[in-house]
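Asks: Shown below is the structure under consideration.
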Amino acid sequence: VLSLPLLSTGAIFDESARRDDEVFRLAVADLNLNNEILETEKITISVEFVDGNNPFQAVQEACELMNRGILALVSSIGCMSAGSLQTLADAMHIPHLFIQRSPAGTPRSTCPLTSRLPGADDYTLMVRPPVYLNEVILQVVSEYSWQKFILFYDSDFDIRGIEDFLDRTSQQGMDVSLQKVESNINMMITSLFRTMRVEELHRYRDTLRRAVLFMSPATAKAFITEVVETNLVAFDCHWILINEEISDYDLQELVMKSIGRLTVVRQTFPMPQNTTQRCVKHNHRINTSLCDPKNAKAQQLEITNRYIYDTVLLLANTFHRKLEDRKWHSMASLNCIRKNSKPWQGGKSMLDTVKKVHGLTSFLEFTDNGTNPNIFFEILGTNYGEDRGRGVNRVSEHIYIITGFEEPFVMVSENVLGKPKKYQGYSIDVLDALSNYLGFKYEIYVTSDHKYGSLQPDGQWNGLIGELVSKRADVGLSALTITPERESVVDFTTRYMDYSVGVLLRKAERTVDMFACLAPFDLSLWACIAGTVLLIGILVYLLNWLNPPRLPMGSMSSTTLYNSMWFVYGSFVQQGGEVPYTTLATRMMMGVWWMFALIVISSYTANLAAFLTITRIENSIQSLQDLSKQTELPYGTVLDSAVYDQVRSKAMNPFERDPMYSQMWRMINRTGDGNVDESKEGVRKVKYGHFGFVWDTAVLEYIANNDEDCSFYTVSSNAPDRGYGIAMQHGSPYRDIFSQRILELQQNGDMDILKLKWWPKDSPCDLYSSVQMRQNGNALDIHSFAGVFCVLAAGVVISCLIAIVESWWSRRKGSRDDKEIDLEHLHRRVNSLCTEDESPHKQFSTSSADLTPLDMDALPAARQALEQISDFRNTHITTTTFIPEQIQTLSRSLSAKAAAAGFSTGFTSGGGVLQDHRTGGVGPFRQRAPNGGFFRSPIKTMSSIPYQPTGPGPNFGYGNDPDRGTSI
């Protein structure tokens, strides 16, 4: 076992690079504590700080470290001191791992390292890749087709580093101007305004429309602020900032201060796809404060800090291999000051053991000339605009987006043969808003298995998440929910829409019932009401038969069973009756019946109004709790989806177990065909079957909104517990940029406008009503009253049939019943007339005449002049009327008959006794009816006429018009 001092490592840092020393010591402490690479051995370190511009001091400190005995030398200094250390390392055969850093954060320039002798070994390894800024900036300006621009550089930048760039732009015919930016920027701008005339200032202002900045972030922020405030640049300007080491914080500040368009070129580091791989490198667990890009400390790391950590990890693995291969060479004390000092014999073996290793900067390897070729650049930029605080995006490349179809998030808008597919949807609108604002281009392709992604038994992810994990896509976009499992392997932006679980159900259909008017009462109640009408009618008839009522004189009503039934029915339907009932028992019976009818009719009216406006709710599921408690309606979701995992987790995880989800989980897995493979299949099962589909509420609301029949309704949980996000590879540089822009869209209301496009507030369908409503509100249609019209039509037909039967029966009996009279009726009428005539104000003479129909027939002239006016009800008696002009003729005829019979009539011709009743004359007479009854003559007299009934006769009512008379 080797002693600890044999693993000693030396380090030389620039005095301004105190952060390098901090990370260097942290890396050594991690390796010594974890025992993951070195088990019993420990690394010891010796650190010295020098002036980066003093090569002699750097060599002196390095010699001091070699005298102490070191296995390797790590340095983080500038190019001038690095050249001296390179010479020393080659001479002493000490592996030298050099991390180039630039002064004050300015862009790096190529280090002109000392040229080696032919055949000499190179013991200096350049851990940080060479400078490629010349190639990058030339490619960027060529992409933008710039032919004339100005190049600004700060005082700390080595202008010799861009000589190659200037030569190549000159060869391509580009007009490039150079201008140095002094440390006092305000004084420099003031001198411009003081020395330049107005015309020159305008030309200079036009030159500033296109500019390239080789500056540190601090100098760039101060310079941009000054030129914007002095109005030297316009909103159509475009500036390019070149610096490998620009943090996200510096980038956001630059965007805040700039106007027009800003493009930033910086170095980036690809990160592994999941946290486990990202924080474990070659059996070594890196501190999460350094490997997690979400950590605040990790975001503050400089590029040299990352390479310092990887250098220590590289040396630890090198020491481990040397100990395993037993090719360790003891190290003699080196004295580089002695003239005849010999180099370390184990240096060549140690140098050859340095191999490829993963670290914070992903992958370290060295070419034959000792340089690390692995470097990645990203080009970020804004679009034109006056607004401050804009986001930035990655430009100069396509972003590959993996998606899956889900209405209304991602859909195919059109697919013309021979042309690429075009997509639309809410997620596509969000992507376009990000693309238009940030200026990037994208290409979309669809997952082959149409899955969002879940962890498979073999540990691999399928679907959309699997494409991101395997790095075949940069961004994943669809109705993708943010879950802890997915977030462990990919990064998500901030949520751009809330998510909750809901259920899609089919509305209860409104059935058309032509006898809906009868629906307020059931059949048994209608039967009871009909029986009650019959019973009360019979009881009323019996009560009147036992105790006949005293009907008033002249009444046309009768207390037959038919009339009683008709009266009871008329009072029930609130139409009144014709038969008067005067006995106390009958009135008590009818009073109770009217109260019963009032209650029944009122109840029917109220229930009919409610029944015709509110359809019976057949489906009572109004929440997820209602769904979980019932077992009649089967339901399910999409297999291997976020909803499926959520229900399973909350049903089986003891720490978040929910009884509602436990019942849902048992119901979902009760039948083999409960779940579906795609959401469209679930929607079809709901529409054409007896099924409930558990899925994202936003998707279900869109489906219910756009259903032609409005046959769906949705129920969901009250509060959203997750959200929809845009998925990206772990460590993706797009995450923070996209998240910031999404927050801006939400803050200014643009996200709500995009949402209203797909989920409008004035939807024609009611998403929350479980019954099928009419499109014209609560208006009733003909179907609701078809039964009423049918009853009316049946009544009309039956009435017509009865009328035909009655007409036939009347004609059959007409030949023998024409002269039959209801004697009782006639007798009552005659008694009424006599009573009326014997009243005090009506006096008749004692003389009278009895006339028979034969006497009336003897008056042809008068009979022919009679006017028929009406028929008596239920008889064939015809009423005729005398006109005044016929009275004289009739009087003469009656006088002649009376004289022959020995009566005095009181009628005379001319000035005789008979006078016109209009002039006060009197001439009463009586006519005998065929059955022996009497009728008054139409001529009233003041004398009394004794009445002697000869038999019963019908009772008729006549008017007492003095100008008209009647006879039979």
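From the backbone N, Cα and C atoms, a Cβ is placed for every residue, glycine too.
Pulled from TrEMBL, these are the listed features:
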type     : residues         : note
BINDING  : T481, R486, D696 : L-glutamate binding site
DOMAIN   : 399-761          : domain 'Ionotropic glutamate receptor C-terminal'
DOMAIN   : 408-470          : domain 'Ionotropic glutamate receptor L-glutamate and glycine-binding'
REGION   : 945-968          : region 'Disordered'
SITE     : I621             : site 'Crucial to convey clamshell closure to channel opening'
SITE     : R648             : site 'Interaction with the cone snail toxin Con-ikot-ikot'
TRANSMEM : 523-546          : transmembrane segment
TRANSMEM : 592-614          : transmembrane segment
TRANSMEM : 785-809          : transmembrane segment
Asks: Determine, for the L-glutamate site, the additional residues of the same chain whose CB lies within 8 Å of the mean position of the CB atoms of T481, R486, D696; present them in sequence order.
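Replies: Neighbours found: Y452, A479, L480, I482, T483, Y499, S641, A642, V643, R722, Y724.
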Asks: Largest pairwise Cα distance, Å, within the listed L-glutamate binders T481, R486, D696?
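Replies: This binding site's residues have a maximal Cα-Cα distance of 17 Å.
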Asks: Same chain only, please: residues at least 6 beyond the ends of the transmembrane segment (523-546) with a C-beta under 8 Å from a C-beta of the stretch. Say none if there are none.
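Replies: Beyond its ends, the transmembrane segment (523-546) has Cβ neighbours at 559-561, 564-565, 567-569, 572, 581, 583, 585-586, 589-590, 593, 596, 600.
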Asks: For the domain 'Ionotropic glutamate receptor C-terminal' (399-761), what is the mean per-residue pLDDT, to the nearest integer?
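Replies: Overall, the domain 'Ionotropic glutamate receptor C-terminal' (399-761) comes to a mean pLDDT of 80.
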Asks: When the Cα of I621 (site 'Crucial to convey clamshell closure to channel opening') is compared with the Cα of each of the binding-site residues T481, R486, D696, which one is closest?
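Replies: The answer is D696.
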Asks: Do any residues at least six apart in sequence from D696 (L-glutamate binding site), in the same chain, have a Cβ closer than 8 Å to its Cβ, and if so which, in order?
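Replies: Looking at Cβ-Cβ distances below 8 Å from D696 (L-glutamate binding site), excluding near sequence neighbours, one finds A479, T481, Y499, S500, V501, G502, V643.
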Asks: Can you tell which of the recorded positions (T481, I621, R648) has the fewest other C-beta atoms within 10 angstroms of its C-beta?
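Replies: Ranked by other Cβ atoms within 10 Å, the recorded positions T481, I621, R648 bottom out at R648.
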Asks: Tell me, how many other CB atoms lie within 10 A of the CB of R486 (L-glutamate binding site), whichever protein chain they belong to?
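Replies: The answer is 26.
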Asks: C-alpha of R486 (L-glutamate binding site) to C-alpha of R648 (site 'Interaction with the cone snail toxin Con-ikot-ikot'): distance in Å?
Replies: 16
Asks: List the helix, strand and coil residue totals of the domain 'Ionotropic glutamate receptor L-glutamate and glycine-binding' (408-470) as derived from DSSP.
Replies: 20 helix, 16 strand, 27 coil
